[in-house]
């Protein structure tokens with residue numbers, strides 16, 4: 001498929017037309033190449049907005065971790081990353097599918113647009129309900145490994161909070177994604193560049209707020225024994241209705257039948273990140289872990305979701321499922337070819353990578369302004385924090401290229417299979433690397449304090 005662009009320039013003298021020039025540009029690769037400047041401009045603002053949302057989520061997390069329900073039901077902390085990660089498993093995947101549909105002209109027809117949008121929204125409601133319940137089960141299972149027995153009241157509270165949070169967050173963010181993609185299409189902006197980060201800008205904050213409020217509500221009404229089971233049964237009973245709506249779109253129905261493995265595995269991966277968060281958040285050497293975790297995990301997940309969506313759109317336009325373009329034949333490409341060539345996907349990878357350090361510096365400074373002395377501001381920790389962010393994004397961008405190529409070669413849609421894995425890995429990598437930063441900083445600070453004490457100690461008489 002060849003994309004053609006015609007630029008016409010008119011020359012007026014006064015009110016009279018004195019001439020005109022035409023420029024015809026063709027792109028044989030199926031997509032009209034964006035300049036680095038255009039990509040950077042379209043990506044930077046949404047990424048900064050998403051960072052503010054994730055920073056707000058981190059500040060909220062620092063507050064709600066001390067609420068009675070979070071103190072009493074420790075498994076809620078394990079539940080935070082997989083539930084917040086649903087924006088990567090569901091909303092970002094939805095945004096990627098809709099962006100591809102917009103860029104390939106599938107939603108230009110009003111009737112087709114209604115069918116695509118309604119079936120996709122019904123799909124994520126089914127996925128959110130089921131994955132919300134499974135996330136609660138995974139949190140309980142991981143929590144049960146470190147203690148004896150289970151309290152049935154806490155089990156039902158956790159399941160009801162998880163299912164209802166996933167459902168409400170998926171509905172709100174799904175509607176937001178539809179508005180963004182349709183609006184971007186009308187304004188001539190590439191939705192691949194803005195849809196996923198804007199979803200994340202409110203996704204973390206909305207999901208965490210809903211989880212905190214609902215779990216506190218159920219905790220206050222824990223004596224009403226039938227309330228939480230009724231919520232779980234009621235929302236599970238709605239699944240046949242969503243399936244009926246999704247049936248009107250065969251590609252969506254195919255996802256509903258065969259697309260469960262990526263989002264469930266991604267949820268499990270994120271749950272291990274939640275286990276790390278639960279084990280570290282209350283220890284003094286990890287002070288500030290609750291604030292920085294949503295930011296580190298979110299930045300990496302957002303950047304890799306943008307790249308994955310862009311590569312997927314490129315393949316949908318320039319090739320057919322199962323056939324890779326000549327320049328993308330290698331499944332395990334040289335890392336230099338991912339970041340250092342003139343290919344369109346390599347340029348976007350460089351732009352996204354260059355945003356990591358400035359973005360994290362801005363978010364770090366703003367968190368310090370808000371929280372003050374409650375977060376560390378040592379130069380050692382800041383350097384470790386920036387290094388962790390860079391390592392996380394480099395690994396994720398490389399894995400995005402590998403996964404999208406492998407998925408496309410197997411005639412599978414990368415929009416549905418890659419982003420859940422990548423955001424789940426982003427949560428695990430981000431939480432693990434951040435915990436390592438706090439640990440190394442604590443060890444180095446303790447060593448420096450010991451050295452200072454030994455210098456001040458009087459020598460032998």
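From the backbone N, Cα and C atoms, a Cβ is placed for every residue, glycine too.
The model shown is predicted, which means the values in this text are computed figures rather than measured ones.
Range 155-182 is the one annotated as transmembrane segment, of 71-98, 155-182, 295-322 (source: TrEMBL).
Remark: secondary structure over the domain 'SLC41A/MgtE integral membrane' (293-436) totals 118 helix, 0 strand, 26 coil, with classes taken from DSSP. Residue counts for the domain 'SLC41A/MgtE integral membrane' (80-213) by DSSP state, with H, G and I taken as helix and E and B as strand, are 117 helix, 0 strand, 17 coil. For the transmembrane segment (382-400), the most Cβ-contacting stretch among 43-64, 225-246, 258-277, 351-370, 421-444 is 421-444 (pairs under 8 Å).
In summary, the transmembrane segment (421-444) does not lie against the transmembrane segment (155-182): fewer than three C-beta pairs, each 6 or more positions apart in sequence, are under 8 Å. Counting Cβ pairs under 8 Å that are 6 or more residues apart, the transmembrane segment (43-64) and the transmembrane segment (351-370) reach 3 or more and are in contact. If you look at the transmembrane segment (258-277), the same-chain residues 6 or more away from its ends with a CB under 8 A from one of its CBs are 77-82, 85-86, 88-90, 93, 127, 130-131, 134-135, 138-139, 142, 289-290, 293, 297, 416-418, 420-421, 423-425, 427-428, 430-432, 435.
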